[in-house]
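Engineer: The substrate binding site annotation in TrEMBL covers 122, 196, 221, 251, 255. Look at TrEMBL and you will find 287, 288, 289, 290, 291, 292, 308, 411 tagged as NAD(+) binding site. Taken from TrEMBL, the feature compositional bias 'Low complexity' applies to 31-50. The annotation domain 'S-adenosyl-L-homocysteine hydrolase NAD binding' is assigned in TrEMBL to 256-417. Look at TrEMBL and you will find 18-70 tagged as region 'Disordered'.
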């Protein structure tokens, strides 16, 4: 039987100036043992600090917090006060997560939980971490991306006893070192994992497999990370239960669809100042991210083409008024190329060679594998850094292709992501952690699970007051007619 809490959740149911590439950073090894998600984005534009403000690596600094502890590694602990203001601003638009914190902190549903996390470290993530701590958890955190950390919001976490190992502009070696420091600590062993991209999970499997003897579950929020979990499960190597948060409705419909509908324009405008009216744009992939991008571009008067491998998504694109094509058919004429497939080598060197002058190329997928950027690092091509996260790649004949964020995640690289949407994702993550941690033995086996629909609906209900939305309630007769419980769930678990 399930355990029911009083808060009504049924658990059972670079600002450097560059003129040429490659530089030292550019020469960084592009090979990865399992994924390239750690290098899939630059810092959020919301971060007012820059990795070039101090050439000394945080690993070489001696810093201590107010309690005398040096069990952390951030850019500058003195930025804590400024970071605290950033977090307080984020809290204003994350009322649902704060509501969850207030409702559940009395019961401490995560008491005894030792969570090791690897996500983007932003003000919104900080609100999530503080919520987990308020619910009784101990946390150690690293960044899932070498450029996405907001240095100022990493520092305040230390005052709450959260050991953070992250800073903007980490090297590849720094990235894995930070993850290792989070996992490998004498006298502290994690029993829960919160991952974004699968790098943390991979590192534990590779270096510390014995840790899984104590791990109760993994919560993963990205397409890339979930794909790797399913690979482990299929191979019989997944030794703990895992929760696929990415495919929960609240994550897919809001973070993937509505968030990208707004942030795609923000990222492109901030980096290129492009006017979209009349521009020809090809969007590779018509999943939730692609749908959001296309809706925004179409609304501003762009002529949008779609590439798809899935006949269902392709038919949806046709019914939404878009022309479905092969990339080779339009590559010479389009002004903007956007990838959001989750695949690799979607845009190849052959495509790049055929693009028109000043074509803008960017990626909205999680990993930096969709655009074959490696093929552009050749002697005959010149790289010009024209502004932060904007490179002109120049061909011998003078043609320029405008490459954004070196093919890494555009919205977290070049703009910001709406705080309200991140509240939805963070609340979903918190509930998934609570569910896995409190589940009785045997409920979840060594497999990948979707978030129970009851929780998905609860996350949505927490966010409705922000819109002064009032739900209609079923009568007893109506509920009986539909075969539903009046309090939900209202959709089957397979509903997406």
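Here the Cβ of each residue, glycine as well, is placed from N, Cα and C on the backbone.
Provide an account of the burial state, proximal residues and distances for the features listed.
Structural biologist: Remark: residue 255 (substrate binding site) has 421, 422, 424, 425 as non-local neighbours, by Cβ distance under 8 Å and separation of at least 6 in sequence.
For residue 411 (NAD(+) binding site), the count of additional Cβ atoms within 10 Å of its Cβ stands at 26 [all protein chains shown].
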Engineer: I need the CA-to-CA distance for residue 196 (substrate binding site) versus residue 290 (NAD(+) binding site), whole Å please.
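Structural biologist: The Cα atom of residue 196 (substrate binding site) is 20 Å away from the Cα atom of residue 290 (NAD(+) binding site).
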Engineer: At the level of the C-alpha atoms, what whole-angstrom distance separates residue 290 (NAD(+) binding site) and residue 251 (substrate binding site)?
Structural biologist: 15
Engineer: How big is the Cα-to-Cα gap, in Å, between residue 289 (NAD(+) binding site) and residue 251 (substrate binding site)?
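Structural biologist: A Cα-Cα distance of 11 Å.
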Engineer: Test of understanding: give the count of other CB atoms lying within 10 angstroms of the CB of residue 308 (NAD(+) binding site).
Structural biologist: 23
Engineer: Nearest to residue 291 (NAD(+) binding site) by Cα distance: which of the binding-site residues 122, 221, 251 is it?
Structural biologist: 251
Engineer: Residue 292 (NAD(+) binding site): which of the binding-site residues 122, 221, 251 have a C-alpha within 10 angstroms of it?
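Structural biologist: Near residue 292 (NAD(+) binding site), where near means Cα within 10 Å, there are no binding-site residues at all.
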Engineer: Please compute the mean pLDDT of the model over the domain 'S-adenosyl-L-homocysteine hydrolase NAD binding' (256-417).
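Structural biologist: Reported value for the domain 'S-adenosyl-L-homocysteine hydrolase NAD binding' (256-417) is a mean pLDDT of 94.
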Engineer: Just how many other Cβ atoms lie inside 10 Å of the Cβ on residue 122 (substrate binding site)?
Structural biologist: 27
